[in-house]
Amino acid sequence: MSGGDMAKPLLGHQSMEGDPSIAPAAGRTIGVLGSGDFARSLAIRLVCSGFKVVVGSRNPKRKAGLFPSAAEVTFQAEAVKKTDVIFVAVFREHYSTLCDLADVLAGKILVDVSNNTEINHHKESNAEYLASLFPACTVVKGFNVVSAWTLQSGARDGNKQVLICSNNQEAKRIVAEIAQVMGFTPVDMGCMSSACEIENIPLRLLPAWKIPIFLALGLFLCFFTYNLVRQVIHPYIREQKNKFYKIPVEVVNTTLPCVAYVMLSLVYLPGVLAACSQLYYGTKYRRFPDWLDQWLQHRKQIGLLSFFCAALHAVYSLCLPMRRSHRYQLIETAVKQAVEKKMNIWVEEEVWRMEIYLSVGIIALGLLSLLAITSLPSIANSLNWREFSFIQSTLGFIALVISTLHTLTYGWSRAFDENQYKFYLPPTYTLTLLVPCTVILAKVVFSLPCIQQRLLRIRRGWEKGRYVKFVLPSATGEYSSGETSSNV
């Protein structure tokens with residue numbers, strides 16, 4: 001990969017790009033203390049971005065072959081003397097080995113790129129600890145959220161953001177300038193007190209996904225247990241038929257669309273609750289309850305999990321005819337028909353039902369795919385707000401309606417068949433219709449002109465019970481002021 005390609009920033013709008021004090025820095029000499037994987041990747045990236053790199057190592061002869069030929073590998077003290085900006089790519093427990101360099105490090109900018117093995121493992125952040133060891137230096141926390149692979153392959157293959165914090169604005173400006181030339185997006189996180197939070201970020205495992213994942217797992221277990229009782233336990237107890245073979249595929253395939261359908265409705269239910277709250281209180285400035293606020297923030301993850309379950313349902317459905325049990329059942333049915341001399345078993349109603357069911361399901365999955373794709377940051381950033389809102393809100397609601405039609409054509413008239421009530425339990429699809437139909441009904445009510453106009457006024461700043469001033473002409477032609485309630 002050529003250095004020019006790697007050095008090109010891939011985004012035109014960057015968090016600190018508007019700062020006129022940031023100027024091109026190619027040609028600056030940058031120091032790197034350390035010879036581990038991250039230090040080597042950092043040196044490669046800096047060289048490809050046009051910087052002069054001096055690597056400080058305690059054993060430069062043995063480590064020189066690990067770094068690009070354009071980088072100078074020398075002793076740590078020599079490397080420190082040749083540059084004013086130094087990346088400290090060593091572990092926290094090895095910071096003390098640099099204390100002998102305190103005199104030559106005085107006045108330098110130290111960029112701490114380290115991370116911990118556990119969240120809040122120490123009382124103070126690594127950057128603050130480094131600053132306490134070298135009070136004559138200016139410490140900047142940065143580049144710890146970028147992986148070694150991203151540094152080597154370029155910002156196009158990883159997260160482009162580089163979080164930076166320091167108590168010195170000039171030092172942050174210089175490090176942000178370096179990050180920008182390397183093709184990353186510098187993000188100013190404030191003073192050094194933010195370093196602890198920045199160091200915790202790489203250690204968190206999908207923090208925004210925990211609640212949606214537990215929600216999906218909870219729904220899956222509930223529907224799986226319900227379907228297991230109806231499809232396996234009931235025939236085993238009542239008819240002494242062993243149908244446990246249905247558990248790996250058929251029961252799972254019956255459960256997945258239930259989870260996908262309910263999860264999709266849960267994406268739009270909090271918006272309905274928020275609208276009800278605004279209509280009830282007559283203002284948009286009243287804070288939502290914490291649970292509703294968290295729910296609103298997790299809608300993207302809930303929607304993606306809904307798409308994931310729907311995609312799995314499609315794959316499982318395609319695999320149903322491949323099962324050995326399905327082949328046995330087909331042969332058994334054909335033999336029975338031959339014995340009973342049935343020449344025509346065509347049922348027009350069932351044929352049309354399945355054709356509509358499959359067609360509507362494919363359309364619903366296609367719309368869910370569009371919603372999932374446009375939720376990706378790279379795609380969402382290319383859309384304006386009206387386009388994004390149309391896809392996620394309007395087309396998303398259409399997807400919910402079509403999914404409802406898909407569910408209704410699957411159930412057809414079985415809700416009125418008493419044989420479908422196993423252990424007096426209604427068919428599963430009737431339970432899944434509760435939340436989505438509530439959302440659809442609420443959306444229809446909100447679309448009524450009287451309610452829609454009131455909700456629109458509230459979201460534009462109108463408040464119930466707020467008094468506003470007005471001016472009226474008097475009988476003498478003079479103007480007098482008064483007050484009235486805005487809800488009159």
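Using the three backbone atoms N, Cα and C, a Cβ is placed for every residue, glycine included.
Values in this document were obtained by computation on a predicted structure and should not be read as measured data.
Taken straight from TrEMBL:
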- 29-116: domain 'Pyrroline-5-carboxylate reductase catalytic N-terminal' (DOMAIN)
- 259-399: domain 'Ferric oxidoreductase' (DOMAIN)
- 211-229: transmembrane segment (TRANSMEM)
- 259-281: transmembrane segment (TRANSMEM)
- 302-323: transmembrane segment (TRANSMEM)
- 356-376: transmembrane segment (TRANSMEM)
- 388-409: transmembrane segment (TRANSMEM)
- 429-451: transmembrane segment (TRANSMEM)
Folded-back contacts onto the transmembrane segment (388-409), same chain, C-beta under 8 angstroms, at least six residues removed:
257, 260-261, 264-265, 267-268, 303, 353, 356-357, 360-361, 363-364, 367-368, 370-371, 374-375, 380, 429, 432-433, 436-437, 439-440, 443
Residue list, the transmembrane segment (302-323) vs rest of chain: Cβ under 8 Å, 6 or more residues beyond ends.
212-213, 215-216, 220, 249-250, 252-253, 256-257, 259-261, 263-264, 266-267, 361, 364-365, 368-369, 371-372, 375, 396
Is it possible to list how many residues within the domain 'Ferric oxidoreductase' (259-399) are helical, extended or coil according to DSSP?
118 helix, 0 strand, 23 coil
Arithmetic mean of per-residue pLDDT over the domain 'Ferric oxidoreductase' (259-399):
93
